[in-house]
Amino acid sequence: MLYGRLDDLRSRAADQLARVLRETGGTPQARTERDASTAMYSEQLSQYSAVENGLVFGRLDFQDGAHQHIGRIGVFDEDHDYEPLLMDWRAPAARPFYLATAAAPDGVNRRRHIRTSMRKVTAVDDEVLDLATADVTKHEGLTGEAALLAAVNSSRTGRMTDIVQTIQAEQDKIIRSGLNGVLVVQGGPGTGKTAVALHRAAYLLYTYRAQLARRGVLVVGPNSTFLRYIGQVLPSLGETGVLLATVGELFPGVKPDRTEPVEAASVKGRVAMTDVIATAVKECQRVPEDYLEIRFEREVLKLDRETCVQARARARRSRRVHNKAKPLIVPVILDSLARQYADRIGADPLGGKNLLDPTDIEDIRRELSEDDGVQAALDWLWPTVTPTELLEDLFRDKDKLAKAAPKLTERERDLLHREPGGWTPADAALLDEAAELLGIDDTATRAAQARERQEEIDYASGVLDILDMQDDADPEILTATDLIDARRLAGRYEDTDHRTAAERAAADREWVFGHVIVDEAQELSAMAWRMLMRRCPSRSMTLVGDVAQTGDPAGTTSWQTVLEPYVEDRWRLEQLTVNYRTPSEIMAVAADVLGPGMAAPTSVRDSGVEPWHLWVPDIQAQLDEIVAKEVAAVGDGTLAVIVPSGLSETSADVDAQVSVLTVGQAKGLEFDSVLVVDPALILAQSPRGANDLYVALTRATQRLGVIHPGELPESLSRLADTA
Ligand SMILES: Nc1ncnc2c1ncn2[C@@H]1O[C@H](COP(=O)(O)OP(=O)(O)OP(=O)(O)O)[C@@H](O)[C@H]1O
C-alpha cells in the first residue's frame, strides 16, 4: 500500500514537472515562478527515488492497540484528513522506535524491524517490550539487536549506508540534540560518529526547516575520497541541499591541486600564521627610503618619505581593510604634489603671492589624479592586492618571508618557500585569513554592475516609449509609463538566483551557514578553525571526532584548546562508547597500540577470526600473492591495503574491491578486510605515528592482517603469528 502511494506521489510530481516544462513564454514573473516550480518538482522526484530502498523499516504496536509504521519519509492519507500512513523517522512520534526499552517501554508493546529487498519483505525481527513476556536481552542498552547485528555483519560496498533502521539510544540522543551552540561528539573508531553526524544533518533540516533551508548546512570532511564515501547517505534520507566540502575547498575559486610535506602543512596550520599574514599585508604598504620622483607635465615632482609616512598612517588609523583604505592616502599625496606644482608654475616672478587661485589648484589636483605616473606611484605606495597574489608573492620570495615571519625558524620558512603554481589544502585557511585583512576591491565590479543596470534601464525606457506610442491612440487608456517606470521594468527582467543555498554558499566566501557539521574534527588546524568559525558566527555547530585518532601534526588532542578562543567553555560534550565496526578480536590489538590510559570503545560483536601478522622480507615481491589470498578469504567484500605514506599518493577509488591507501586517505573509511603494510614505518613516519597505526587497524569490519619487512612493533605482539 505504501509503495503504491509512493508511486502515486512520484507520477503526480512527474506530471506536474512535465506540465511546467511544456509552458513557454509569459511574463518574466511567470518565468520566475516556473523556474521555482521546476526546481521543486525535480527535487520531489529525486527525493521519491532516493527513498525507494527501505521505504518502510519499522512498526510500533502500542499498548492501547494502535500501531504506526516508521519510514524514511512521511506519507499521508489525503482522503482521510491527512492521517499519517507512514511516520517520518525524524518526527517526534517516531522516537520510541529508537528509545523504547523493556525497562522504559514508553507505551510501546512491540517494536518490529522490517527488512526489505527491493519491494519485498525479507525478514521481520520483533522485540516485545512488555516486561512480563520479554527476554532480558544480552547486550544492555542495545535496541533491535537482531537487525543491528545483521547490519553490522553485512559486507561493505565502498559507499556508506544509512543506519536509520537501527539507530541506538546513545546515538539518537545526539542526532536529536537542539540546534543551538557547539556540540562536540567524541567517540572511538567505529562508534558511528560519521553516521550520527549525517543523520543529525537530516534531522536538523527536517525539524528546523524554516531556519536552515535558506542558509544551508555545511558538512566538512577530511578528504574527497571520504566525501565520495559518505555522498549517498543524505539523499537516501531524503535530503539533497547540504554542501559537502573539505576544509581545503572552502576558499571559493581555489581547488587544492598541489601537495606538500606534512611539516609544511603543519607550519601553515599554526595560529602564528595570522601574524605572518598581517605583517605581509603591512609590508605591501610602502614608503620610499628617501623620496619618489614623479614626472608631471614638464616638471619633476618629489614625494618625500615624510609625506608618504603621513599618508600611510592616516590609512592605517582608519582600521579599514587594506584594499578599502587606499582612497585615504590619495588626498594626502595629491595635496602635496599639487602644492609643489603650483609653487613652480604659479610663482610670482616678483616674489609676491602665488598667482594661481583655488580653482586652478583644484584643476591641477584633478589632472594629477588622472596622470599615469601619479597612479603608478599610488600603486607602488599602496597596491591593490588579492589574497592569491599576496600569498604567491610571499611564498616565492625568501626576503619577504624573512620580514613577514621573523618568529619562524629558518627551516620553517624554507618549508613555506615555493614557486607559484597551484594550492594545497592548508593554503585555503591562509587565503581566507588574507582575504579578511585585504578585503575585496570591488570598485570595478560595482562600476560594471552599475553600467549594466543603466543599460537595462535605457533599454526598458525604449520599450516603454514604444508601448506609449501605441497607447497614444486612445487617451482613455492608461499608458504603460503611468503604470510602471523604466527602473522597475528593468528590475523585473533581472535574473533571480535559482541556485540552491548550497550552490550559492560554495561560491561565496562571506556566506554564513545555518549549521556547520565537521567530521574528523580533531584533524583541523588552528588556522582552519578560524576560517570555519567565520562561516558560522551563530556557532550552531556539531563537531565529531576522536582525539585519539589525530594524525595531522597541526590537529588537536584537546577539544577545550580548540574551542576556547571562540566559545570559552560554553560547549556540550556527548560521548559514544560502542564500536559497531571493528570486531572485538581486532579491537583488542588496536587498544594495545593506543596504550594505557586511553579508553578504546567496546565492540558490539566478535568475528571469530583471529587477526594475524606475517614477516615478509621482500614486500614488493610477495604482496600480490598475499593480496590474492586475502581477496579469496573475503569473498565479494572489500579489501584495503594500508601503506606508509610516500608509497601511494594516488587518489583512491572508493568503488574498487581492492584499494591501496595511506592512513590519511583511509581515515573515516571501512573495509571488510584490511592489510596493514610495514607498521614500524607507519609509526616512525609521523610524530603521531601511534595514532596513525590505531586508525589503520580499526578500519576492518571482519579481517585484519599485518605484514612487516622488519621487526614487528612491540605493541602488536598480540597478533597471531602465521609464519
Ligand atoms: N546504530 C547503528 N546501526 C548499524 N550500523 C551502525 C550503527 N552505528 C554505526 N554503525 C556502523 O558502524 C560503522 C562505523 O560507523 P562510522 O563510520 O560512523 O564510525 P566513526 O565513529 O565515524 O568511525 P571513525 O572514527 O573510525 O571514522 C559504519 O559501517 C556504520 O554504518
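Cβ from N, Cα, C; glycine included.
Note that TrEMBL annotation is computational and uncurated.
On a predicted model such as this, the values are computed, not experimentally measured, just so you know.
The annotation domain 'UvrD-like helicase ATP-binding' is assigned in TrEMBL to 166-583.
There are 25 other CB atoms within 10 A of the CB of Lys193 (ATP binding site), with all protein chains counted. The ATP binding site annotation in TrEMBL covers Gly187, Gly188, Pro189, Gly190, Thr191, Gly192, Lys193, Thr194.
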Where Thr194 (ATP binding site) falls in three-state DSSP terms: helix
Cβ-based neighbourhood (8 Å from the centroid) of the ATP site, residues Gly187, Gly188, Pro189, Gly190, Thr191, Gly192, Lys193, Thr194 excluded: Asp546, Leu576, Asn579, Tyr580, Arg581, Pro601
Assigned element (helix, strand, coil) containing Gly187 (ATP binding site), judged by DSSP: strand
Packing count at Gly190 (ATP binding site) (other Cβ atoms within 10 Å of its Cβ): 28
